[in-house]
Amino acid sequence: MEPSEHLPTVDKIIGNAFARYAFVVYKYRWLFLLVPCCFACVFALGFYFRPYRMRQNSVETFTPSDGPSHYEKAVINGHWPLVQDAFIPGKFFAAKHWIQVVVMARDGGNVLRMEILNATEQINEIIMDKLTVWSEFKNRTVNYRDLCLTWGTECYDNGHIALFKEVEELENYIKITYPVARTVDTPLYLGSIISGVETLDDIGTFKHATHIRLSYNLKQWPVEIDEDSYKWKFMLQHFIVDEFKSPLIKVGMWHAESINQGLAENVEIIVPDFGISYLVLSLFCTMTNMMVTYDNGKLKVDWVRSKPLVAFLGVCSSGIAVVISMGFLLIVGMEYVLINAVMPILAISVGVSDMFIMVSAWWETNPMDKTDARLARMLSEAGVAITITSLTDVVSFLVGAWSSFPAVISFCIYTALAMVMDYVCQITFFAAVMAFFGDFEAQGRHCYFIWHKVKTGTEKLNGAKGYRRTELIKESYSPALSASERMPTSNDKNGKPLKSDEIVVSNEAVAQESLTSVFFHKYYGGLLFNPYVKAIVCLLYAVYAGVAIWGCLVIKEGLRPAELVHSDHYVVKFYRMSAPFRNRGMQAHVVVNNPQNLTLSENRDRLFDLVRQLEDKDYTLGSNGTIFFLKEYLNYLNNLGALISNVNSLWTVDLKDWIRYTGGRPLWDTDIIWGDPRRGEDRYLIKAFRFQIGLKKFDSSGEQVAVAKHLRSVAAKYPELNITTYHEFWPHVDQYMSVAPTTWRNLSVSFVSMIIIAFIMIPNLYCGLFITMSMLSINVGVYGYMSLWGVNLDCISMITLIMSIGFAVDLSAHISYGYICAQGTTAQRASHSLQVLGFPVLLSALATLFGVCILSAAEVPLIVTFFKTVFLVMVLGLLHSHIFLPIALTLFLPNPSRVASSMNMLHKVIISVRRSLFECMRPHSGPQRTP
């Protein structure tokens with residue numbers, strides 16, 4: 001028996017399956033309509049758990065979970081855990097009630113003027129003494145001094161204000177220079193408490209500064225005190241943000257809860273936008289699903305075949321999918337991040353695209369057929385299309401979930417499941433809706449007032465001359481919505497099912513072209529394929545590609561903390577006011593986890609060689625900005641005229657005694673870990689220590705990355721010392737450093753996945769080739785133009801870049817496949833592709849644009865970034881599907897005979913191999929061999 005050469009392709013298998021499935025949907029349409037609604041009601045209970053699925057520190061969700069900063073912070077907190085009565089500001093990173101206040105003169109001038117210092121001192125006194133909250137634990141009002149972290153029994157009271165006020169009186173006791181002031185034996189680092197300093201000489205004398213930083217730190221245990229600290233912190237926020245007014249100074253503040261608070265406020269801003277977006281989408285879908293025909297030079301509205309209520313229920317179908325998916329994930333314990341608040345808008349916008357394809361497929365069916373047959377035809381055609389679009393969208397988001405950013409993982413999983421559920425709801429709930437409204441159409445009911453019957457022109461079709469379906473396909477074939485070859489869609493006179501190429505369609509039905517069909521076929525296509533227009537478009541594409549590539553080369557990376565909150569949030573003001581501190585004055589901590597024996601001079605030389613390498617860069621303040629106990633001890637010995645020798649006692653007993661009695665003891669006690677005699681360790685053994693390096697040029701993401709790379713690379717050169725570096729910005733630096741590699745890796749995987757899906761679902765070599773080129777072009781465009789639009793490459797834009805690959809397939813697959821399967825000249829084939837598919841694809845993109853455009857009004861950089869990238873994806877996708885791609889197809893696929901199915905090529909190889917095996921297995925004369 002010869003092997004068959006007619007191997008079914010995947011799209012035909014899916015089409016046949018949907019055709020059979022449609023009859024089940026029609027038979028049990030009430031069940032398919034009500035079951036998704038019941039599931040939505042059940043899983044809506046999951047929204048109760050939403051507050052319990054959110055991290056306490058939402059900022060962590062935007063930094064990579066595998067970044068080195070997590071280990072580095074754990075090291076420094078392990079060595080120096082927070083001790084509430086041995087606290088020095090800037091030395092501990094486990095404090096959760098850390099508050100910063102930045103003060104500047106209202107006129108932008110010198111803050112060291114006496115009137116500015118007096119105003120600063122006044123607000124400091126109000127904060128420390130006069131702001132009170134009621135304590136249930138102490139049963140009285142408490143102020144800052146009752147709640148503050150202390151050194152011994154004293155609060156840190158921002159004494160530098162008094163220092164600057166009394167600088168002339170104290171000049172004999174303390175040498176005030178920038179960045180380090182000095183007493184006889186104690187350095188005082190000024191770089192973190194004043195900024196905008198103008199030095200007068202090389203030693204750092206200054207008389208001018210623009211900003212002063214104040215610090216307030218509260219206790220966090222026991223639990224009762226923690227609650228009081230929490231209340232006092234927000235009392236201070238209310239005072240600074242809402243109440244404080246001064247003609248002399250401006251004040252900005254930040255605390256550990258500020259970003260979390262801002263992210264929560266973002267949700268309050270977005271939720272009303274979601275309602276508006278839902279309303280806009282509903283109106284848009286309702287208006288665009290009116291059937292307007294162009295008949296004998298007149299425009300007519302078909303009040304029976306129009307589907308406005310169907311379109312509205314299509315939007316509801318996407319909403320049901322969102323409720324089910326989110327509720328389910330919240331119930332099972334999936335982490336919820338605040339950026340997920342925009343997911344429903346995106347999911348519904350994308351879900352509406354499937355609705356347009358299904359309604360368009362319904363309008364392609366014969367209105368004289370029975371409803372179940374029309375439903376079968378619709379699902380067999382649209383089922384393939386929405387399967388492709390849903391599969392590409394889901395795969396792109398699942399690839400995006402392969403990330404170390406918790407926010408990206410959560411968003412992509414929630415969105416991927418929403419896309420899956422949208423697909424399920426489309427082929428269940430919405431298919432049932434189409435079954436009901438198909439019956440209403442057959443009964444001649446009004447598209448709005450379904451209880452009212454109207455006289456329809458379709459009644460005139462009964463006696464009209466019929467056309468075979470194949471003739472209709474030649475004139476207005478929808479290749480991307482291809483049907484199965486054999487399927488019961490209508491009956492002949494004897495009641496026997498006809499083949500799909502024998503369906504009778506009335507002459508009048510063919511003659512009535514929609515207004516959009518006329519536009520795309522006669523006017524748009526005629527203009528687009530004019531040779532002069534082609535030349536102009538080719539030139540424009542060259543410009544497009546060149547600008548996009550240039551944008552790719554100048555893109556910036558990173559999502560800065562201030563961009564996580566809305567533009568009016570007080571954190572934005574603080575970050576703007578604190579910029580001078582990032583430009584000059586911040587400190588990085590360098591931890592030596594495995595100190596060598598300091599008695600040996602080579603070990604000390606090795607250690608100071610490390611310090612010099614860390615200081616020897618444009619990003620540090622040099623030796624003047626380094627605070628290191630060993631450096632100060634050597635200065636002390638030199639001032640005494642002591643001999644620097646390798647005597648053990650000099651680097652053990654004498655060193656510890658110096659630290660014990662020097663004025664800088666609080667600094668050094670929080671920098672050195674001594675051996676514990678209770679554990680049998682030498683009390684003079686230094687187990688670990690740290691020092692601080694002053695930084696400059698530390699404001700932009702690129703500068704912060706450069707500083708981190710420099711410090712970490714130098715530390716790696718001294719493996720025997722086991723060095724750890726840390727700054728509170730390191731988690732953000734990890735984000736800046738991780739986002740580009742993660743984006744390119746996921747884009748590559750998603751790109752390959754889309755190509756595989758395209759070749760499997762749309763088995764044509766040339767179609768797959770043009771889809772691939774379109775994906776590449778759209779992604780380069782989105783990447784480059786978002787850079788020129790002021791969008792950084794961060795975890796939010798990374799999501800939409802990956803998503804854009806799926807959308808590129810959605811918008812390009814139908815047009816390119818339509819061209820290949822159409823007949824006629826190159827212009828005719830391209831024109832037919834646009835005529836049949838141009839309007840549904842346009843509506844799909846416009847639905848997404850209308851859905852996300854509402855977000856552009858939100859004054860939240862995080863959300864605006866999302867809007868800009870999705871906007872670029874859809875606009876560039878439309879440019880390719882409706883302009884660049886049709887022209888490219890006519891230029892590079894001019895000969896229809898060259899168009900061959902890549903899957904059929906594979907089939908021929910398989911058939912050849914099978915035939916060879918068949919020949920080998922035939923019996924031959926002579927002895928038989930057992931196989």
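Backbone N, Cα and C atoms are what each Cβ position is placed from, and that goes for glycine too.
Please treat TrEMBL annotations as automatic predictions, because they have not gone through curation.
Taken from TrEMBL as is:
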type: TRANSMEM; residues: 30-49; note: transmembrane segment
type: TRANSMEM; residues: 276-294; note: transmembrane segment
type: DOMAIN; residues: 277-436; note: domain 'SSD'
type: TRANSMEM; residues: 309-331; note: transmembrane segment
type: TRANSMEM; residues: 338-363; note: transmembrane segment
type: TRANSMEM; residues: 383-402; note: transmembrane segment
type: TRANSMEM; residues: 414-437; note: transmembrane segment
type: TRANSMEM; residues: 532-555; note: transmembrane segment
type: TRANSMEM; residues: 751-776; note: transmembrane segment
type: TRANSMEM; residues: 796-822; note: transmembrane segment
type: TRANSMEM; residues: 834-858; note: transmembrane segment
type: TRANSMEM; residues: 870-893; note: transmembrane segment
Would you confirm whether the transmembrane segment (276-294) and the transmembrane segment (309-331) meet the contact rule of 3 or more C-beta pairs below 8 angstroms, pairs 6 or more apart in sequence?
yes
When each of 338-363, 383-402, 414-437, 751-776, 870-893 is checked against the transmembrane segment (834-858) for Cβ pairs under 8 Å, which one has the most?
338-363
Applying the under-8 angstroms CB criterion, which one of 414-437, 532-555, 751-776, 796-822, 870-893 scores highest with the transmembrane segment (338-363)?
414-437
Excluding the flanking five residues on each side, which residues at least 6 beyond the ends of the transmembrane segment (383-402) place their CB within less than 8 Å of a CB in that stretch?
11, 14-15, 17-18, 350, 353-354, 357-358, 361, 408-409, 411-413, 415-416, 419-420, 422-423, 426-427, 480-482, 745-746, 749-750, 753-754, 757-758, 761-762, 798-799, 802-803, 805-807, 809-810, 813-814
Using a Cβ-Cβ cut-off of under 8 Å, list the residues of the same chain that are 6+ residues beyond the ends of the transmembrane segment (532-555) and lie near it.
777, 780-781, 783-788, 792-793, 879, 883-884, 887, 890-891
Positions on the same chain near the transmembrane segment (30-49), where near means CB under 8 A and six or more residues out
317, 320, 323-324, 326-331, 333, 424-425, 428-429, 431-433, 435-436
Do any residues, 6 or more residues outside the transmembrane segment (414-437), come within under 8 Å Cβ-to-Cβ of it, and if so which ones?
18, 21-22, 25-26, 29-33, 35-37, 307, 309-310, 313-314, 317-318, 320-322, 324-326, 328-329, 334, 336, 340, 343-344, 346-347, 350-351, 354-355, 358, 362, 371-372, 375, 378-379, 383, 386-387, 390, 393-394, 397-398, 401, 450
